[in-house]
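Features of the protein shown, as given by TrEMBL:
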BINDING   TYR15, TYR20, GLY59, SER60, TYR65, ASP81, ASN86, ASP138, VAL139  S-adenosyl-L-methionine binding site
Amino acid sequence: AALREGYEHFDPRAYLRNNYLPPRADFSSEEFVVPWKLRCLAETFASGEIRGRTLIDVGSGPTIYQLLSACDHFEEIVATDYLAVNREELGRWARGEPGAFDWSPFIQHVCKIEGRGEPWQDKERRLRQRLRRILPIDVHRPEPLGAPLRPPADALLSAFCLEAVSPDRAAFVRALAHVGNLLRPGGHALLLGALGESFYLAGPARLPVVPLEESDVREALAAAGFALRELRSYAMPPALRTGVDDVEGVFFAHAQK
C-alpha cells in the first residue's frame, strides 16, 4: 500500500530526464551505462536463440530502449505498466505524437552496434508496428495481467521494475515467479536491474528499491523456477552518480524457465 501511494506521485518526464538524457545517456563511449545496457541486449538477441511470436515487457515504465533489439525477433511486443501515466507516455511515442520523448539517439546507437547498416527510421517503424498492446499489470498478483496470456509469451523482458516495486527480497522473488507465469516452459527471460540501490527520484516521488547483490539475483531466479544462463554487472562510475538515486551498479541476467 505504501509503495502504491508513492507511485501516485511518479513523474514520467522527470524519470526520463534523470536517466535517459546526458550524462547517463552519453553515447560517446561504451563506458557509459546506457550503451552498456543496449550492448547487453543487442549481443543476447544477436544469438538468434531468443525469438518467437510474443515478447512481453514487464513494467515498461515510460521507456522503449529495452525493446530495440528485441523487435527484430518477435511478431508482437506487449508493453505493460502499473501506472496509467507511463502507459500514456508509451502510447504517445508509439503513435508518433508531437512532444513524445525523443528516442532517436538510442535507435541510432542500436543500429550502429548491430552493424547491419539499417536506416534507424526502419527500426523505429518496425518497433511501432510490433508494439501492438500496452496493458496494465500488477506483478504482485499471481496473474499479473488479470488473466493468463494465451498463448504464453515466448520471451519476457523486464528492466528496472521488480526490485523497484517490491518492499523486500521475498516480495521480489514472488514477483519474479508471478511474471514467470506469463512465459511458456523453456521461454527466455532477460532482466536489467539495479544493484545496491535503496531509492530513486521521479519528480516529487522518492521511491524505495530493494537493494540487491548479484547473489540475490541468482537466488531469486532459482527460487522462481528459472535456470540462469548469463549474469553480467556494471559498476556505476562516480561521474554518473548524480543524486537522483544511490545505485551502485546494474545487472543483466539471461535466464530460461
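One-based numbering along the chain as shown.
Backbone N, Cα and C atoms are what each Cβ position is placed from, and that goes for glycine too.
Where TrEMBL records a feature, it is marked here on the structure.
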residue: TYR15; record: S-adenosyl-L-methionine binding site; CB count, 10 Å: 24
residue: GLY59; record: S-adenosyl-L-methionine binding site; CB count, 10 Å: 24
residue: TYR65; record: S-adenosyl-L-methionine binding site; CB count, 10 Å: 21
residue: ASN86; record: S-adenosyl-L-methionine binding site; CB count, 10 Å: 23
residue: VAL139; record: S-adenosyl-L-methionine binding site; CB count, 10 Å: 24
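Here S-adenosyl-L-methionine is bound by TYR15, TYR20, GLY59, SER60, TYR65, ASP81, ASN86, ASP138, VAL139 per the record. The longest Cα to Cα distance in that group is 25 Å.
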